[in-house]
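Undergrad: Submitted below is the structure of interest, expressed as structure tokens.
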């Protein structure tokens, strides 16, 4: 192919540019590529967003066809293009950086141009022959970036929501399974990193499952509550300028059918076009889950510390050598990675919050950053949960003897004995144990405060880890 044949000429209100001949995007996308070399993350990095854009364009085309605004031939060609995008074709043509000025116009035009050029080829024309089917006049008919783009973001989040929930649920089940496996392993609970009272390792892991189950329940209800109201049909600022009065209801109805999502028109299109509150709340829920995961990973790192000089109550699966200078060292790399993912999600939430606050009057032009951060948080969170489950949780084993040893040598054990030997004896035993380094049980036996049968009964896991009626003394 000659140099001249490697490009096609396109023009817009700013002039003429040479667009790569093989590209399905057009001149406005090319300008955005040249303008926004920022994150290095293109729209195609988030396939559900691309699919959401294609579904919005399909719904708009269907509504415009039904209203007689779009010819049958153009509708058929646009429909073919959108179907291919929904199947996963041509995603590499979505090349605009996720961070961009213009309130998402570059993303919207990237979609309009790609769909137009796929449609043109389906009609037997060449890319760029927009006199036959135009990115703005036909693909973007009755739309503005300000309603098509936020609708696509919401839809993309909904389309990916089930996968996020599935990953979270699988992680919960993994923790619950370990809770059952370790239900007989007695260990010391700790508060403020100090010995507290006995519990089982199973209780500890079941608590991990329970706290994440709370978030699973909230996420299941939050997304449908927050993301199903769309402003499609509001066009530029929510007034619906340049759209048929019947268009909004038709377009949203078609989008709900195409996507399988229970989408409804926003009650107030002006408000829905300018307010980003739904994204703030949803991102906050992702942050909450990330915070919980990070805390759990802190616990896993502490409980596995050592192996000779730490707590060493559990063993994490060895994933890779841990040091270039210390032979034999193995680090808790999976929990450490999850910690870092959590920090990133927390940072994403703050950036998103600032972007939501940065809106002015009838539009929030910072929506590209909002989209970037929320899709990034979902991807990171889902991958982190899968990694944690597959490469860490399912392979955790308990050091039962170590757990028992720490219980028997812990000063905290005296709390369980207090109802039987009395507060003064318990206080004295604790002091002597601390001063001498001897174990609580050893001292109790030495002083004859309780016999072995009574101690064995008190120290049974089922008697140590739950409320128990203590016989009253005469």
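Just so it is clear, glycine is given a Cβ too, placed from its N, Cα and C backbone atoms.
Checked Swiss-Prot, it gives:
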type	residues	note
ACT_SITE	323	active site, proton acceptor
BINDING	105, 144, 145, 146, 191, 324, 329	L-aspartate binding site
REGION	322-331	region 'SS loop'
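Context for these features, please: burial, neighbours, distances.
TA: DSSP assigns residue 323 (active site, proton acceptor) to coil in the three-state reduction, placing it in neither a helix nor a strand. Counting every protein chain shown, the number of other Cβ atoms lying within 10 Å of the Cβ of residue 323 (active site, proton acceptor) is 10.
For residue 191 (L-aspartate binding site), the number of other Cβ atoms no farther than 10 Å from its own Cβ, over all displayed protein chains, is 9.
The region 'SS loop' (322-331) scores a mean pLDDT of 75 in the predicted structure.
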Undergrad: What is the separation, in Å, between the Cα atoms of residue 329 (L-aspartate binding site) and residue 323 (active site, proton acceptor)?
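TA: Each residue's Cα considered, residue 329 (L-aspartate binding site) and residue 323 (active site, proton acceptor) end up 6 Å apart.
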Undergrad: For residue 145 (L-aspartate binding site), what is the secondary structure by DSSP, using just helix, strand and coil?
TA: helix
Undergrad: If you compare CA-to-CA distances from residue 323 (active site, proton acceptor) to each of the binding-site residues 105, 144, 145, 146, 191, which comes out shortest?
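TA: So, of the listed binding-site residues, the one sitting closest to residue 323 (active site, proton acceptor) is 191.
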Undergrad: Provide the three-state secondary structure of residue 105 (L-aspartate binding site) computed with DSSP.
TA: helix
Undergrad: Helix, strand or coil by DSSP: which one applies to residue 191 (L-aspartate binding site)?
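TA: Note: residue 191 (L-aspartate binding site) is in a strand by DSSP.
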